[in-house]
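TrEMBL has this to say about the protein:
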BINDING   B:C17, B:C20, B:C25, B:C42  [4Fe-4S] cluster binding site
BINDING   B:T342, B:T348, B:G372, B:L373, B:S374, B:V375, B:A436  5-methoxybenzimidazolylcob(I)amide binding site
DOMAIN    B:1-59  domain '4Fe-4S'
Amino acid sequence: MGFELTKESYAGGIKAVTIGKGDNALTIGGQTCYPFYQFEGEMPGKPIIAMEIWDMEPEEWPAAAMAPFKDVLGDPVAWAKKCIDDFGAQLIVLQLKSIDPNDKDRSPEDAAALVKKVVDAIDVPLIVWGCASPAKDEDVLKAVAEACQGENLILGPVEEKNHKGIGAAAMGYGHAIISSSPIDVNLAKQVNILLENLGIPLDKVLVDPTTGGLGYGLEYTYSVMERLSMAAMAQGDDKLQNPMINNLANEVWKCKEVKQTAEEAPELGDPERRGILMEAVGAVSYFMAGSDIMIMRHPEAIKLAKAFVDLICD
Amino acid sequence: MALTGIQIFKLLPKTNCKECGVPTCLAFAMNLASGKAELDSCPYVSDEAREKLAEASAPPIRPVKLGKGVRQTTTGGETVLYRHEKTFFNPTILAGTVASDIAAADLEQKLKIYNAFQYERVGLNLRPELLVVKDAGAGADAFAATAKCIAETSEFNLVLMTEDLDVMKAGIAAAGFKRPLLYAATEANVDDMGALAKENDLPLAVKADSIDALMPLTEKLTGMGLKDLVIDSGAREIKQALEDQVGIRRAALKAGNKALGFPTITFPCEMASNLDMETVIAAMFVAKYGGIVVMSDFAAESLFPLLLERLNIFTDPQRPMTVTEGIFEIGNPDENSPVVVTTNFALTYFIVSGEIEGSKVPCWLLIKDSEGLSVLTAWAAGKFGGDDVGMFVKKCGIMDKVKHTELIIPGYAAAIAGDVEEELPGWTITVGPREAAHLPAFLKTK
Ligand code: B12
Ligand code: SF4
């Protein structure tokens, strides 16, 4: 008797979310099977890598992460363009680090003006990521939403605490949002329900499950993502059928082993390749858990992750 | 399939002698069925019953022991498709490759380098465990010499990789004492390889060019009495390889397919043209069901990320890794040494104690039980609040060991400083840096 693959019976799929506008719009998600299980479902779009840029010059990046961008680190517009022109980025994430109230505390108006400048300068969709301080993110993302009306940006992270303000602004000015919760299926569902109650259609929502670094909590995020996929697809829970996004670069590149020099940690090998491979291996792990957008930093890590996605999809 | 208590009862002596610790054979059978007892507790089961019970309770994926010595490992034995359903038990084994025609001096050098790839983390030693000796067509002697050198002079265990029977025999003669995995039985040589593995009581890998073609081979080999098999569906293209891994795992766990109830061996080294790409492909197999992952080579930069991923994926999700509550002395502290407090999450402890050690400033590190949660998580969950941290400092006995009254708390727990102070009148609560990496500089100013 021949071998017959035992197939999963799915009760639902992931919603397709469109971001950006016009010719440059991208559709995320839409899959009807677990990650890359194309033998039993469809993956219409491949998972996408978003290249991150910061709104200020990073102070603590290891040398390996700085090197590819050294001429543009203080200039977000040039930085974004470099990502697109030199490294083929399909999607940009602007990390608003400078708005952190415990640090530089940049004003909502300034931040919004900067986002507008970046959005006008690039021809790929833009994600705007706050500083994870709920009140400040609310103020800033509201201003950003207004300044960039109709651009169909993706704004996040949106938590229970600030969902009303950011949600209403996103709806009013035509943007998608990222619903965020700390590694918990029920909390993820709760934020989505709150957003829906506010009147936001769930096909304008991505889910951020909260991302742990490789060796620093990856397993928790990994499993919660698998559980979210199961809830969405095997159980058909229509409150959780959203594409997922992982803010990976931040986590990987801040850990000790990525920062150690060859002198400090000779046993860990070449610091540059080490960081690149830690980012790439982290990315593949989360792709296997169901990530639809991976926020990444190093062009070489991105190349590897992209090559992997291409190979496994086609 | 698992047996019911009644089915097990029928196989027991039914004498109710109580030696197993419960009053009746029936009670014992019930405990066995629910996994609360071990068969060995009854001294009177017949061999025949024992075999039947063992067969019936055999795990759906055979755990296969590989190698000998400190790097002995087991692959297989998994019971779930997703780690959150229970846990994954036996971490994907990482293997490197050595060609059989390598010069002795080069091999010695290589082993020295490979041996250094060991990393301490959360109290564990992370390292790869296998080397594949790959027949490069240089004859049986060269193959045996290479295998022998690895077996005798290194901790690594082996996979002997050749389809030539004579070469394999030479390899077994040289390195059989280390319980190498033989790779591979194929359709062309299955009888002979099977006999060789059986005769030497060694685990055997089976290779075919599809899952379909694999099943008759494993059935034949189990028919010959072989149990310790490892399977290779032959896929060398990522997409097909993932499908096969998933197909095999589901067949064993969901469809009770005995012919596929074995751990797998995978070959990123044959699926990419450089080590970086091999590494990302290996990352897929660590997550999705690779029993053994064979790389062309080991390099620290590619091994370390894979070892971390493996550690994460194979951690028991039901029990965070913890250390015990109490006072840890780092670097012979005295009555004037700083007192530092953190949670009992093993990762947190590992990072913080590592930084303190690196700082060369002797310290008292207080570990407060926070149910295995990290600092921020514990704080958010109410397991590292100001009152309990203060109470703990009072009760743990540190006050008898130091003369000063300063407590250093984690930067991320700055919010609890006031409450700790209230609980510890007269003490100065100093908020440390957020990241442990900044601890050494901070401690040096103390
Ligand atoms: C993995 C994780 C979990 C895991 C638990 C992991 C664990 N064993 O702790 C799970 C999924 C269970 C979890 C649950 C929750 N989590 Co959680 N979780 C995380 C995550 C992703 C990583 C945490 C981690 O492991 N860090 C690594 C360890 C080593 O860090 P650490 O202990 O802080 O140690 C560092 C420093 O503090 C410092 N340090 C440590 N000790 C000391 C001592 C001194 C003296 C000094 C100077 C420094 C120092 O050194 C270390 C390295 O620099 C973070 C987000 C993130 N990316 O960081 C959220 C996070 C911590 N979680 C959060 C929350 C809210 C929760 C929940 C309360 C959610 C909920 N409502 O259910 C629950 C609570 C748990 C419960 N009730 O059981 C929030 C906390 C928000 C806040 N600011 O209060 C975070 C920040 C996510 C977020 N942005 O919302 N979580
Ligand atoms: S030891 Fe064996 S024979 Fe005696 S009561 Fe227990 S199960 Fe029965």
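Every residue, even glycine, has its Cβ placed from backbone N, Cα and C.
Heads up, TrEMBL stuff is auto-annotated, nobody curated it.
Bear in mind that the values here come from a model prediction, so they are computed numbers and not experimental data.
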Nearest by Cα to B:C20 ([4Fe-4S] cluster binding site), of the binding-site residues B:T348, B:G372, B:L373, B:S374, B:V375, is B:G372
Cβ density check for B:V375 (5-methoxybenzimidazolylcob(I)amide binding site), other Cβ within 10 Å (all protein chains) comes to 22
B:L373 (5-methoxybenzimidazolylcob(I)amide binding site), Cβ-centred 10 Å count of other Cβ atoms over all protein chains shown, is 20
Reading the DSSP string in three states, the entry for B:V375 (5-methoxybenzimidazolylcob(I)amide binding site) is helix
Counting Cβ atoms within 10 Å of each Cβ, the densest environment among the binding-site residues B:T342, B:T348, B:S374 belongs to B:T342
Excluding its own, the Cβ atoms lying within 10 Å of the Cβ of B:C25 ([4Fe-4S] cluster binding site) add up to 23
Between the C-alpha atoms of B:C42 ([4Fe-4S] cluster binding site) and B:G372 (5-methoxybenzimidazolylcob(I)amide binding site), the distance in angstrom, to the nearest integer, is 38
CA pair B:S374 (5-methoxybenzimidazolylcob(I)amide binding site) / B:C17 ([4Fe-4S] cluster binding site), Å rounded to integer, equals 50
Three-class DSSP assignment, B:T342 (5-methoxybenzimidazolylcob(I)amide binding site), comes back as strand
Counting other CB atoms within 10 Å of each candidate's CB, the least crowded of the binding-site residues B:C17, B:C20, B:C42, B:A436 is B:C17
Counting every protein chain shown, other Cβ atoms within 10 Å of the Cβ of B:G372 (5-methoxybenzimidazolylcob(I)amide binding site) number 19
Those binding-site residues among B:C20, B:S374, B:A436 lining ligand 1, judged by a Cβ under 6 Å from any of its atoms, are B:S374, B:A436
Rounded to a whole number of Å, the separation of the Cα atoms of B:C17 ([4Fe-4S] cluster binding site) and B:G372 (5-methoxybenzimidazolylcob(I)amide binding site) comes to 44
The average per-residue pLDDT within the domain '4Fe-4S' (B:1-59) comes out at 86
What remains of the binding-site residues B:C17, B:T342, B:T348, B:G372, B:S374, B:A436 after requiring a CB under 6 angstroms from ligand 2 is B:C17
